[in-house]
Amino acid sequence: MPQAAYCYMRVVGRGSYGEVTLVKHRRDGKQYVIKKLNLRNASSRERRAAEQEAQLLSQLKHPNIVTYKESWEGGDGLLYIVMGFCEGGDLYRKLKEQKGQLLPESQVVEWFVQIAMALQYLHEKHILHRDLKTQNVFLTRTNIIKVGDLGIARVLENHGDMASTLIGTPYYMSPELFSNKPYNYKSDVWALGCCVYEMATLKHAFNAKDMNSLVYRIIEGKLPPMPKVYSTELAELIRTMLSRRPEERPSVRSILRQPYIKHHISLFLEATKAKTSKNNVKNCDSRAKPVAAVVSRKEESNTDVIHYQPRSSEGSALHVMGEDKCLSQEKPVDIGPLRSPASLEGHTGKQDMNNTGESCATISRINIDILPAERRDSANAGVVQESQPQHVDAADEVDSQCSISQEKERLQGNTKSSDQPGNLLPRRSSDGGDGEGSELVKPLYPSNKDQKPDQDQVTGIIENQDSIHPRSQPHSSMSEPSLSRQRRQKKREQTAHSGTKSQFQELPPRLLPSYPGIGKVDIIATQQNDGNQGGPVAGCVNSSRTSSTASAKDRPLSARERRRLKQSQEEMLPSGPAVQRTPSAVEPLKPQEEDQPIPAQRFSSDCSITQMNHTLPREKEKRLMHGLSEDELSSSTSSTDKSDGDSREGKSHTNEMKDLVQLMTQTLRLEAKESCEDLQVLNPGSEFRLHRKYRDTLVLHGKVAEEVEPHCTELPTGIIPGSEKIRRIVEVLRADVIQGLGIQLLEQVFDLLGEEDELEREARLQEHMGDKYTTYCVKARQLKFFEENVSF
């Protein structure tokens, strides 16, 4: 059932036809309202007519009309109509919140123009609203008018009495509805005038204590007092829309062509354009933030666990467990002692293999954050490319024979200033306490023959970049000792003919990257160019297929690793590379692509140089988001759901604003003269004839069957004419007056009501009616008016 596609949230309103419920679509996540209409007592023809009309209305596309998504008839006898949700509520409630404080004229005319444009669109489509009132005019959160409940009451209003089902209380009913005339588009203009009067005065244009008095006031033709705090043009426009004779009321099209309205449309148009351009700027800025949001989310939700795994006599390696981690640029990394080798002696190679499998899906991901440009100026001297090593502090040069305790002391000294680029590898404190011994991390692959693996030597210090803030910690995989020995042997052979490098500069806190042969390497950077322009940028670098094959041959993969590897390749490879690196960054990688593993240290340096020398275009960010793994997306979903929803809604509102701007521009271009259609409908003889274009016009009163065109036979013949309701009202009123006064006294009262002198008339009425004057004088006057002006 279509109803199952929505998640019900709460009831937002109830009416005479049913209730309105706020729902959320399970698939697209958008909010809608479902209006449930009770059709249990309606005939099958009436139900079909209501549903067909709802489907017709769902095709209307206008920025000032509530969108209709779908409708269906449930098995419970209810008609369900799904409409767009307006966060600002209805206009009636908005006016009540004013608490007597009048709105500025610009706001009144702004809403007035939007309602008028919606009515003009409906009238051009030959659709009458028939139930225009402030309760059916809604506001979005950007203060845009949405006219709703279009034509739904046409079928339903014929059941029950007029006071409860016609339009609730008929504050907006035009005088012709109480006579032998059908509903016409000029009745919509009357209702529009009532709405504008209510917006200007915060009161109903016609009000009374009871239904009979209200009908009498409307038919009497006595205009309410016009608002004095507004311009005479607005007051005159309201007065013409509330003219008793329909032919004297202007059409909606002519209203929008008046100079007074055009002037306000121009002002509103300029304000809307400015708001739209401002929203566009915000949307452009928000597009540069999703990657940074992912980084900050991971910083809050994830933790690193670093284990020191004892090696064989040939050396030791670093093993890292956990998910991909990204650390914020603002927060320093807490550096604590590592677990001592003695605490991990019980770990076996099999366990290491399992741990490797657990992190295999993300072992190829490198995350790098680049410091904004304002901090580069003071650190440009420290930015060193791989081909140009420069000076480093003597404290950063590590003696090959230094002890573990010396390294620990130097590490603790650097911890005190986490903002300095000399920080070493970041580590979380473990349960072992501060008293446990710790060692610096050494890389899996030495970069030249001068630096040989030694258990007491730290070789994990990479190129120093003073401009780089403490950055994200890339993920390194678990490796078996046998695998490490194989890799070190390969590295010794590889580095035998490579260039020598006597020094290594220290890198801000981050872990060494793993062998980048499996899948993709994501580089997330926050940097600014020399022109102080920049934002979160990101790139995805695919490793070559050859190096991927070489990595698979290094060691046998477990079943879990193979599953993760296959899943990672299926997810990553189709997206393709999103960034083209500069030639300077590609050239150092060429020797390693020929069936040789890439040194982690050199690869990291190449990535750093690439990011420093190459500014990624902003339009590449969208492609980056497709390259993120499921692990990254799942870890950041909760933090980005709302922003994505806001962005989606913001885009929808921006489109609506653009449509509104285009519509107002077209409205300003309307000609000043009446069209042929307007001239034809102003003919009094055809004013209330059931026009052939108005297929959904409701015949409220009279015998017009011979005038109905053939295509109007769609209207249900079982509909009770509106005159039947009025006739019942008059009958009830007549019975009440006759019972209270009697026929003879009622005839005398009718004669006295024809007296021209008001004072003499009232005196004689009091004399004849006595104590009944207060109760029956007004009722007798209403009964006389109905019998003289309303024909049945």
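Cβ coordinates come from backbone N, Cα and C, glycine included.
It should be emphasised that the depicted structure is a prediction, and the values quoted were computed from it without experimental measurement.
Residues or ranges marked as active site, proton acceptor in Swiss-Prot: Asp131.
Annotation source Swiss-Prot lists ATP binding site at Val12, Gly13, Arg14, Gly15, Ser16, Tyr17, Gly18, Glu19, Val20, Lys35, citing sequence analysis. Annotation for Val12 (ATP binding site): spatial neighbours Val20, Thr21, Leu22, Val33, criterion Cβ-Cβ under 8 Å with sequence separation of six or more.
Residues or ranges marked as compositional bias 'Polar residues' by Swiss-Prot: 412-421 (among others).
If you look up Swiss-Prot, you'll see 456-467 (among others) marked as compositional bias 'Polar residues'.
Annotation source Swiss-Prot lists compositional bias 'Polar residues' at 473-484 (among others).
The compositional bias 'Polar residues' annotation in Swiss-Prot covers 496-505 (among others).
Here Swiss-Prot flags 541-551 (among others) as compositional bias 'Polar residues'.
The compositional bias 'Polar residues' annotation in Swiss-Prot covers 602-611 (among others).
The feature compositional bias 'Basic and acidic residues' is assigned by Swiss-Prot to 641-657.
Annotation source Swiss-Prot lists domain 'Protein kinase' at 6-261.
What Swiss-Prot records for Thr165 is phosphothreonine.
The annotation phosphoserine is assigned in Swiss-Prot to Ser340 (among others).
Residues annotated as phosphoserine in Swiss-Prot, with similarity to another entry given as evidence: Ser343 (among others).
If you take the C-beta of Lys566 (N6-methyllysine) and look for same-chain residues 6 or more apart in sequence within under 8 angstroms, you find none. Swiss-Prot lists Lys566 with the feature N6-methyllysine.
The phosphoserine annotation in Swiss-Prot covers Ser675 (among others) and is backed by a large-scale study or a structure entry.
Annotation source Swiss-Prot lists region 'Disordered' at 329-358 (among others).
Around the Cβ of Gly18 (ATP binding site), the number of neighbouring Cβ atoms within 10 Å comes to 19. Across the structure, Gly18 (ATP binding site) and Asp131 (active site, proton acceptor) place their CA atoms 16 angstrom apart. All chains included, 11 other C-beta atoms sit within 10 angstroms of the C-beta of Arg14 (ATP binding site). Separating the Cα atoms of Asp131 (active site, proton acceptor) and Arg14 (ATP binding site) is a whole-number distance of 16 Å. Across the domain 'Protein kinase' (6-261), the model assigns an average pLDDT of 83.
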